[in-house]
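Data block below; observations after.
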Amino acid sequence: MAQITLKNLAHSYLAAPTGDDDYALKELNHVWKDGEAYALLGPSGCGKSTLLNIISGLLVPSQGRILFGDDDVTEKSTADRNIAQVFQFPVVYDTMTVRDNLAFPLRNRGADADYVTRRVEEIAHMIDMEAELDRKARGLTADAKQKISLGRGMVREDVNAILFDEPLTVIDPHMKWELRTQLKELHNRFGHTMIYVTHDQTEALTFADKVVVMYDGRVVQMGTPEELFETPAHTFVGYFIGSPGMNLLDAKIDGATAYVDGTEIPLGASYGQPQGRVQIGIRPEFVTLSADEGVPVKVRRIEDVGRHRIIRADFFGTQINIIAHEGVSVSPEMTRVVFEPSKVNVYADDWRVEPAALGRAA
Amino acid sequence: MEKTRNEKAWFLVLPVLVLVAFSAVIPLMTVVNYSVQDTFGNNVFFWAGLEWFKETLASERILNALGRQAFFTAVILAIEVPLGILVALSMPKRGVWASVCLVLMALPLLIPWNVVGTIWQIFGRVDIGLLGHTLAAMGIEYNYTQNALDAWVTIIVMDVWHWTSLVALLAYAGLQSIPEAYYQAAKIDQASRWKVFRYIELPKMSGVLTIAILLRFMDSFKIYTEPFVVTGGGPGNSTTLLSIDLVKMALGQFDLGPAAAFSIIYFLIILLVSWVFFTVMTNLDKKEGK
């Protein structure tokens, strides 16, 4: 096990990349701490699988170095890196039994037969496939095959890291929960560094200690689920995480006040006078409808999604979303909204502006 | 849901029935008809029963031809299947060169049989052939018209040249259907090249290989034109394979009855062996699925 360091790493699938746009992965520096569970979250095509394949050695980066501990592994083969990876679609060796499938990575590394038997039993128990151990893998369901793939990824105890590339895509929803919980448990028990690629925020937020959000070939934020929710570092994070995502409104900022179309909105802190395209962002959870306070909106429609209601409203021509929790009454007279000042974030050119002074400026 | 019934639908099947009748059923029945009768010419036929079948099965000449045929098929299968797989494995997976390779591989398959025979017949000639002349110049004695071994080597190499592409193309198609993740997973599992072949590539190719072996078996067992053009079945009878012998009997000696009985037995052998091949191979598949 080791800490994984990425230094000035970038990758392009083109032979001679010219501009920034040619890079599937733009230059980045990043440290994956030993023994933590990370989720790599982002939309399709944002470069997360590229990053994963570079770490596992299936791809050689166009530039930059990868260190495992102090050891430079950039040029090393996948096998030498001692890494396990689970892929999006189940990869099983059809003609082998489940037992042989699980034992395969161990046997290829010349492990002792007794140890292999013991370890395979353990893993089979973990993925709940003890009954199928002596069956051929061919003809098993996609679920079962993916469980074998997961098992094969976890069978080696001495790996530097276990990488997951959207491993639960083909699994039934109820199994997803179970397997994810099991993965989490395994992480707690064995303390492997785990990197879990997904485009599903629930999956990322429930699995990981730290979530790394990627967008357009860049890491835009790394943080705990709470940080991503409360203080998204980039408008994309605000928009991508949360359901619905963060409301973003073009604004002018002067100290602790934002002006949207001339309407004053108080902020929780002073931000000076940021330049560029300035926006304020507030999560629908922190917007409340009111009859007599705040700024005017036009309510367009209300969707009841069970736990809460989502109100779609028109705020000076921009659509905003408001979440009203169960038990909060919504009536036709409520044509104003209140933004909770301390939950409003300020963005200049899509990046979050740190407040100058904490507490409300006088 | 109510099923629509329309008796006129039978007319749609009719063209196929007529076609099959004329292309397969009627010719086959004619052969069956000949096989149970004898004739002394003038279109006068006598009932002969199973006489010709007994004679065919006891004929040393036919049994020898059958032996040669089995040997020929076994040898070319033993060469073409592994060689075809090897070629497929070494072909580039994508890009311009993949297309170039595919076209090159397909070329021998496009050449008509008798042309293939003629090419090799001339190629191997000692006086003017590139191969024959070169070998002679190197001091190697090679003459497929006089030496039985040389004749055998020539027709086997010719068949390998002509048909290995088919196996290679089918195997290549099988290989192309393997997702990249399998190779990546194998790398991560530290599988050796041999294990990648044994546990990933071979299982994924098994379906197309079944087809390839079946096709090559049937085709090689029926082979006529190419060896006939090159060696004419000689020297002596050394390369007289079943078809060549059959044609000699039917058209050379005009022994219609025995030749018809011979044809039917020949056909049944191919049918039987193909069926056994197919059943064994698909059952192997199923067994593994258990």
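Start at 1 and count along the chain as shown; that gives each residue its number.
Cβ from N, Cα, C; glycine included.
Database features (TrEMBL):
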DOMAIN    B:66-277  domain 'ABC transmembrane type-1'
TRANSMEM  B:12-36  transmembrane segment
TRANSMEM  B:70-89  transmembrane segment
TRANSMEM  B:96-123  transmembrane segment
TRANSMEM  B:151-175  transmembrane segment
TRANSMEM  B:196-218  transmembrane segment
TRANSMEM  B:259-280  transmembrane segment
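Tallying C-beta pairs under 8 angstroms between the transmembrane segment (B:96-123) and each of B:12-36, B:70-89, B:151-175, B:196-218, B:259-280 places B:151-175 first. The largest share of C-beta pairs under 8 angstroms with the transmembrane segment (B:70-89) comes from B:151-175, of the ranges B:12-36, B:151-175, B:196-218, B:259-280. Non-local neighbours of the transmembrane segment (B:12-36) in the same chain are 47-50, 52-53, 256-257, 259-261, 263-264; each lies 6+ residues outside the stretch with a CB under 8 Å from one of its CB atoms.
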